[in-house]
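For B:R59, B:T60, B:R109, B:H137, B:Q140, B:G265, B:P266, the entry in TrEMBL reads carbamoyl phosphate binding site. Annotated L-aspartate binding site per TrEMBL: B:K87, B:R170, B:R224, in sequence order. Summarising the annotation, TrEMBL assigns domain 'Aspartate/ornithine carbamoyltransferase carbamoyl-P binding' to B:8-150. Residues or ranges marked as domain 'Aspartate/ornithine carbamoyltransferase Asp/Orn-binding' in TrEMBL: B:157-303.
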Amino acid sequence: MSQKVLLNATEINIALHRLACQLIENHDTFTDTVLIGIQPRGVFLAERLKTVLEEDYKIKNIQLGYLDITFYRDDFRRSGKSLEANKTNIDFVVEDKKVVFIDDVLYTGRSIRSALTAVQSFGRPLEIELLTLIDRRFSRHLPIQPDYRGRQVDAINNEKVKVCWKENEGEDMVYLVSN
Amino acid sequence: MSELSVNHLLGIKYITEDDINLIFETADHFKEVINRPIKKVPSLRDITIANLFFENSTRTRLSFELAEKRLSADVINFSAASSSVKKGETLIDTVNNILSMKVDMVVMRHPNPGAGIFLSKNIKASIVNAGDGAHEHPTQALLDCYSIREKLGDVAGKKVVIVGDILHSRVALSNIFALQKLGATVKVCGPKTLIPKYIEHLGVEVETNLRNALQWCDVANMLRVQNERMDISYFPSTREYTQQFGVNKKLLDSLNKDIVVMHPGPINRGVEITSDVADSKQAIILNQVQNGVAVRMAVLYLLASKIQ
């Protein structure tokens, strides 16, 4: 197994600031915008972005929720993957809001498809955008594309993109792992 | 752990502490789901579930049906009263006929103990026991323990007394197994005639004085007097039963602590508990009913994930 560094801590930080600025460009003061981190891994990125927006760009009252998609997956009983759910916590109204989904890696697009269904349980958003740190291009199974991306990556199917966060893995780093 | 150790839920006796905790953790998520504006998830959309009720039920049946529908499963209902069982069809024949219509799971209540176990050995479908005679009622015990966990934070170390008709109660047996697996201490209390003879072998103590039992416990689970299962007279009169084993507000207030009062329903108001107790803050009877849907969703979801 070998791994290659895709983004180091400095590059992640630059990407976070760029993504934050792009969000501000489109959402201004975030009064009608809510951020939703996709469980489990999108939550770290969402938290980071919120911090950057609040501390570096002085945006107040950013609403951030977590959405778990386990019960909406299309591979229930079809893959050996874990069924264990994570916490959903959306304590605000999404009806008529601009929703930004935040996830660390966009790969087949199936998680986002599930998230699009899941969020409907909370109301009808005005629009939904997608922000992702890593966009694995040419590997989509569905017609889903990000509106904001940190870095586009060409990775073949048996390679894996691993996103590490200081608060979880002890370092900010993105690796391309191949077997 | 993300998988149950069993393919059927036949009784609490056959599952592990880890299984129970997995069901509880999953139920936590479903409890959040059923409090959303749209209370439905698509997980079981390709699963068909048959609810076979060979015995009367309101709560359990509605609760299972709601749980199934909130998971998007297709549901068919069957009750013995209006079926060919009356014409003399055997259990296996009835169920096999239903299964040939491509049913994946069976939720069954039956008056005979072991009916679920018998079925699980003879048919290809995941079985959930919704009460088999005086044997077990696993989902009731799970939701009771879940409600205790919710109210008191944990089940381990808690003292629970089960009061009333232990002899005819599947709720009592399942509760004893579940509470003990989760580390609670259990006592039973009731007229000697309604306490099974060798119940001490399950590791529970018998207390015949209700006041002492309530003073000892953190939680009192009041069972219904099951008149329909009593072929002989087990106590002189309902009035005498109420005087000795009925909980009223005065008795609760005379204790030097607040205990939690539970009841699996249906309540005989004025017999095992008075109305003012049933409607008091100490009673979590309606929480039990609400938790029942979330716990049953968890059980069905986890069992469905094991269907090939």
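One is the number of the first residue shown, and numbering goes on along the chain from there.
Each Cβ is built from the backbone N, Cα and C atoms, and glycine gets one as well.
Computed from a predicted structure; not experimentally measured.
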Local Cβ density at B:K87 (L-aspartate binding site) - other Cβ atoms counted within 10 Å = 6
Should any of the binding-site residues B:K87, B:R170, B:R224 have a Cα within 10 Å of the Cα of B:Q140 (carbamoyl phosphate binding site), which are they?
-> B:R170
Secondary structure tally of the domain 'Aspartate/ornithine carbamoyltransferase Asp/Orn-binding' (B:157-303) (DSSP, helix then strand then coil) | 65 helix, 24 strand, 58 coil
How big is the Cα-to-Cα gap, in Å, between B:H137 (carbamoyl phosphate binding site) and B:K87 (L-aspartate binding site)?
-> 28
Whose Cβ lies within 8 Å of the mean position of the Cβ atoms of B:R59, B:T60, B:R109, B:H137, B:Q140, B:G265, B:P266, the carbamoyl phosphate site, other than those residues?
-> B:S57, B:T58, B:S63, B:A130, B:G131, B:V171, B:P264
B:P266 (carbamoyl phosphate binding site): which of the binding-site residues B:K87, B:R170, B:R224 have a C-alpha within 10 angstroms of it?
-> B:R224
Among B:R59, B:T60, B:R109, B:G265, these being the binding-site residues, pick the one whose CA is nearest to that of B:R224 (L-aspartate binding site).
-> B:G265
Reduced DSSP state (H/G/I helix, E/B strand, rest coil) at B:H137 (carbamoyl phosphate binding site) is coil
Those residues of the chain, 6+ apart, with a Cβ under 8 Å from that of B:T60 (carbamoyl phosphate binding site) | B:R109, B:A130, B:G131, B:H137, B:T139, B:Q140, B:G292
B:Q140 (carbamoyl phosphate binding site), number of other Cβ atoms within 10 Å = 26
Least buried of the binding-site residues B:G265, B:P266, going by other Cβ atoms within 10 Å?
-> B:P266
Hey, how far is B:R59 (carbamoyl phosphate binding site) from B:K87 (L-aspartate binding site), Cα to Cα, in Å?
-> 27
So which one is it: of the binding-site residues B:R59, B:R109, B:H137, B:R170, B:R224, which has the fewest other Cβ atoms within 10 Å?
-> B:R59
Maximum Cα-Cα separation in Å among residues B:K87, B:R170, B:R224, which the record lists as binding L-aspartate | 32
Span of the carbamoyl phosphate site, taken as the largest CA to CA distance across B:R59, B:T60, B:R109, B:H137, B:Q140, B:G265, B:P266 (Å, rounded to a whole number) = 16
At the level of the C-alpha atoms, what whole-angstrom distance separates B:R170 (L-aspartate binding site) and B:G265 (carbamoyl phosphate binding site)?
-> 13
